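Chemist: Pulled these features from Swiss-Prot for this protein:
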- ASP14: active site (ACT_SITE)
- ASN62: active site, proton acceptor (ACT_SITE)
- ASP14, GLU201: Mg(2+) binding site (BINDING)
- 15-19, ARG27, HIS31, 59-61, TRP63, ARG65, ARG182, 188-190: substrate binding site (BINDING)
Amino acid sequence: MNHKLPQHIAVVMDGNGRWAESRGLPRVEGHKAGLDSVKKIINCCLEKKISCLSLFAFSSENWSRPVTEVNFLMELFLEALRKEIDDLNQHGIRLKFTGDREPLSQVLQKQMSDAEALTKNNQQLILNVVVNYGGKWDIVTAARKLIRTVLDGKLAYDEINEAVFAQFLDTKGMPEPDLFIRTSGELRISNFFLWQLAYTELYFTDVHWPDFNEHEFELALISFSKRARRFGQISQSE
């Protein structure tokens with residue numbers, strides 16, 4: 001493709017359960033199938049030299065799902081991390097994890113920290129896995145940290161601006177997404193990156209995540225290439 005490409009893509013991988021149910025399978029089978037799509041999209045990003053891919057793996061609201069499904073998701077996440085980390089590292093992928101880790105198991109937390117440490121110097125792609133995250137949580141937590149910094153005398157009140165505030169978010173140091181993709185026909189962002197998506201181009205598709213392949217990814221990129229990103233300004237034609 002010769003058209004412009006996004007440098008940071010954020011994805012809500014929706015529809016695993018619906019994909020499975022439509023085939024008469026348990027919902028957990030959809031989550032397993034969804035891992036194949038993750039691998040495909042990671043490879044696409046590497047081929048197209050996209051800098052950052054954020055995957056919304058588990059939201060803070062997902063704890064309300066059946067306990068058996070939540071437990072399966074956590075085990076699947078841990079198993080996938082253990083199995084794929086060496087391959088990700090060999091391909092120059094840097095792993096980052098965004099979200100509140102405290103409620104996660106100690107075993108999973110350690111695996112996440114070890115993966116970050118192992119891949120910290122890799123530069124081919126930042127793979128940001130978003131786990132136990134909510135946009136409102138991120139903003140409130142950032143506000144608390146900011147207030148504490150001001151009270152400690154490390155920052156003056158009149159020094160606070162958008163750039164300063166962003167440094168207190170859990171995504172600090174990462175570029176804001178250029179393209180947001182959500183699968184499975186849901187037309188909302190569901191408390192994901194509320195601050196970070198301010199000027200992001202949104203792309204929605206009816207395709208369930210396990211069916212989101214290289215072709216579907218290409219369609220999203222083509223759609224992005226046709227957008228005129230104005231960042232609140234008017235276009236030259238206007």
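All positions are counted from 1 along the displayed chain.
Backbone N, Cα and C atoms are what each Cβ position is placed from, and that goes for glycine too.
Remember, predicted model here, so these are calculated numbers, not experimental data.
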Chemist: State the three-class DSSP label for ASN62 (active site, proton acceptor), counting H, G and I as helix, E and B as strand, and everything else as coil.
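Modeler: Its secondary structure by DSSP: helix.
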Chemist: Return the single residue from the recorded positions list (ASP14, GLU201) that has the minimum number of other CB atoms within 10 Å.
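Modeler: Least crowded of the recorded positions ASP14, GLU201, by Cβ count within 10 Å, is GLU201.
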Chemist: Can you tell me how far the Cα of GLY15 (substrate binding site) sits from the Cα of GLU201 (Mg(2+) binding site), in Å?
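Modeler: About 21 Å separate the Cα atoms of these two residues.
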Chemist: Relative to the Cα of the residue listed as 'active site', which of the binding-site residues SER60, TRP63, ARG182, ILE189 have a Cα no more than 10 Å away?
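Modeler: So the list is ARG182.
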Chemist: Return the count of C-beta atoms lying within 10 angstroms of the C-beta of TRP19 (substrate binding site), excluding that atom itself.
Modeler: 25
Chemist: Using the alpha carbons only, what distance in Å do you get between SER60 (substrate binding site) and GLU201 (Mg(2+) binding site) once rounded?
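Modeler: Between the alpha carbons of SER60 (substrate binding site) and GLU201 (Mg(2+) binding site) there are 24 Å.
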Chemist: So if I draw a 10 Å sphere around the Cβ of TRP63 (substrate binding site), how many other Cβ atoms end up inside it?
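Modeler: Summing over all protein chains shown, TRP63 (substrate binding site) has 11 other Cβ atoms within 10 Å.
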Chemist: Which one is it: of the binding-site residues GLY15, GLY17, which Cβ has the fewest other Cβ atoms within 10 Å in this structure?
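Modeler: Taking GLY15, GLY17 as the binding-site residues, the minimal 10 Å Cβ count falls on GLY17.
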Chemist: Sequence gap of 6 or more, C-beta under 8 Å: which same-chain residues meet both conditions with respect to HIS31 (substrate binding site)?
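Modeler: In sequence order, the residues whose Cβ lies under 8 Å from that of HIS31 (substrate binding site) (at least 6 apart) are ASN16, GLY17, ALA20, PHE72, LEU73, LEU76.
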Chemist: Compare the Cα of GLU201 (Mg(2+) binding site) against each of the recorded positions TRP19, ASN62, ARG182 and report the nearest.
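Modeler: Closest recorded candidate to GLU201 (Mg(2+) binding site) by Cα: ARG182.
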Chemist: What is the separation, in Å, between the Cα atoms of ILE189 (substrate binding site) and the residue listed as 'active site, proton acceptor'?
Modeler: 14
Chemist: To the nearest whole angstrom, state the Cα distance for the pair TRP19 (substrate binding site) and ASN62 (active site, proton acceptor).
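Modeler: For TRP19 (substrate binding site) versus ASN62 (active site, proton acceptor), the Cα atoms are 18 Å apart.
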Chemist: To the nearest whole angstrom, state the Cα distance for the pair ARG182 (substrate binding site) and the residue listed as 'active site, proton acceptor'.
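Modeler: A Cα-Cα distance of 16 Å.
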